Amino acid sequence: MIEQNRFWRIVVYGSLLIAAVYYLLPLYVMFTTSLKGMEEIRNGNLLSLPLDISLAAWQKAWSSACTGVDCSGLQPYFWNSVLMVVPAVAISTALGAINGYVLSKWQFRGSEIVFGMILFGVFIPFQVLLLPMAQTLGLFGMASSIPGLVFVHVVCGLASTTLFFRNYYVGIPDELIKAARLDGAGFWRIFLRIILPMSTPILTVTVIWQFTQIWNDFLFGVVFSGLDSRPITVGLNNLANTTTSVKEYNVDMAAALIAALPTIIVYVLAGKYFVRGLTAGAVKG
Amino acid sequence: MGALSIRNITKTFGETQILKGINIDIDAGQFLILVGPSGCGKSTLMNIIAGLEGPSSGEVHIGDRLVNHVAPKDRDIAMVFQSYALYPTMNVRQNIAFGLETRKVPKAEQDETIARVAKMLQIDHLLKRKPGELSGGQRQRVAMGRALARNPKLFLFDEPLSNLDAKLRVEMRAEIKQLHQRLKTTVVYVTHDQIEAMTLGDRIAVMKDGVIQQFGSPQEIYDSPANQFVAGFIGSPSMNFIPVHVAEREGEIGVVLQGDGDARFWPLPDKLQLRERLGQALTLGLRPEQFDLVSAADGLSCKVCITEPTGPDTMLFSQINGKDIIARVHPRHAPQAGESCHLQPDLRKAVLFDPATEARVA
């Protein structure tokens, strides 16, 4: 009996290990390749460790690789993305929290229908929005600009952030709100002093979610940005598609890693809250 | 002038009417209990008094002020909730201070109030703790402290003891009573527990299906229930309901009762005036303590199915007129299960109900 158990245990852990290796392999290849010189890449094995480690490819990807005619690396794109992501995440999270607070704790006639309609927004494919969104941005004079991109990401992120916060707040007992009302607190005071301090797990989830979505977005970035407001995903695409003489795999890999780094960092720093917050919301909601 | 006056309150949610015309008046300093089974509308009525919900029609007066359109915070009330509703991210001091801050009470006065309340409820040593670090009883005290800090005209308690274990519940019940005797503030207290209702209340409103079945002092409600529902709801174990026919023997009006032996006639007191109901089927209501263990000659022979010793008394489960009954007897003389005994019903306090309408007839 115990022997049989051990056999299955080995099978389970073995398959998990194979799956993990399978998924980690590309990261390994990207990382090692980014540290190799072109000579080594051409002659060596894809999986071999770099013989002599060089950061030249990273340097080039960051500041001097060509993305089309312009040869200043990913740096300007990176800062564009930062300028876009920070306000977009902050605004969409804040609005989602307020929406969720209203839809769970200050229900009005028809609020369930409003919530249903917002929920519908989660399922709308973004491609459908491209044309009307372009028109809207033009109307607001925000086309081809970073504020325009922020606006698009806020609008498109609201459905998810509202859903997250609403489901989390449903689990907070209504009696807390009643007690605070009897204590003389109004809508905003209850939100800021009582609800928001209780929201750390769901705030973390939403920030990670929105950060990842917006940082990694390519579609809106390529469609709605101008020459000087392109985000890093577009920069990466341009860099990889610009061929000068030879394909510089090490630079491409370094560039891809630079583009992925912020989301990885956010995930590592706040990852444990992510899973905790997701399950907390799910079980209670 | 009454402290709280509720006039013709109704509340409707869609098709269902939760409250069907509630009228209650209590004087300043009285302890009012709203008691009833779940779904009877007592919590809704409480929320309407607090101003957390509006009535569909009717008026609420607190003191001599009509408060229908006054916000909860301006009604001069404080409330203790079933879940305590302590703010989880604040410590005990901040929990008590929150309402004072919102009302812009000066800092020095806040500290004074918190110190006074903490001392009164013996929670001084807990002021720096978060609610999550407190036991159930301590949370209960903090919740009361938060309400007391306000010094309100009216206290509302919404099933405050339901989440405590049995022993703590008895202790806190006594403390609430003591607190009320000391402060003499008017209290409205919602509960589904009839023992809490009996022990705490000056006035009890027994509710069912959105209607007040009876409003009176605990003893009135116990001795003279308005209908079969109130009679069965108040008192533990419940009142026994025995099907009887009104009969006449040798000029006396009474009922025939039968245990496991011969049927026997028991006269009812003349004051009940049942002569015109001769032959009618009624329900006789007798409380468990209205039975005495007696010798064979004076009693009704009954077979004991189960006994439940509680210490001071022993409950005998038996049958009269085919209906299960419970008799409360002294443990020294209590028979064993399976044995027969002789019970003498004391009909001086008997009540009678119409079996169809459950209304009290005598």
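Here the Cβ of each residue, glycine as well, is placed from N, Cα and C on the backbone.
As the structure is a computational prediction, the values presented were derived from the model and not from experiment.
Copied over from TrEMBL, here are the features:
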DOMAIN    A:78-270  domain 'ABC transmembrane type-1'
TRANSMEM  A:7-25  transmembrane segment
TRANSMEM  A:77-101  transmembrane segment
TRANSMEM  A:113-134  transmembrane segment
TRANSMEM  A:146-169  transmembrane segment
TRANSMEM  A:190-211  transmembrane segment
TRANSMEM  A:253-275  transmembrane segment
| For the transmembrane segment (A:113-134), sequence-distant contacts whose Cβ falls under 8 Å of one of its Cβ atoms, 6 or more beyond its ends | 99, 103, 143, 152, 155-156, 158-160, 162-163, 166, 219-220, 223-224
| said: I need to check the long-range neighbours of the transmembrane segment (A:77-101): which residues 6 or more away from its ends have a CB within less than 8 Å of a CB in the stretch? | reply: 62, 67, 118, 146, 149-150, 153-154, 157-158, 160-169, 191, 195-196, 199, 203, 206-207, 210-211, 214-215, 225, 228-236, 258-259, 262
| query | Who are the long-range neighbours of the transmembrane segment (A:253-275) in its own chain, taking Cβ under 8 Å and residues 6 or more past its ends? | reply | 29-31, 33-34, 57-58, 60-62, 65, 74, 78, 81, 85, 200-201, 204-205, 207-208, 211-212, 215-216, 232-233, 235-236, 239-240
| remark: For the transmembrane segment (A:146-169), the distant same-chain contacts (Cβ-Cβ under 8 Å, at least six residues beyond its ends) come to 80, 83-84, 87-88, 91-93, 95-97, 99-101, 103-105, 115, 118-122, 124, 126, 129, 133, 137, 140, 195, 199, 201-202, 205-206, 209-210, 213-214, 217, 220-221, 224-225, 229, 231, 277, 280-282, 284-285
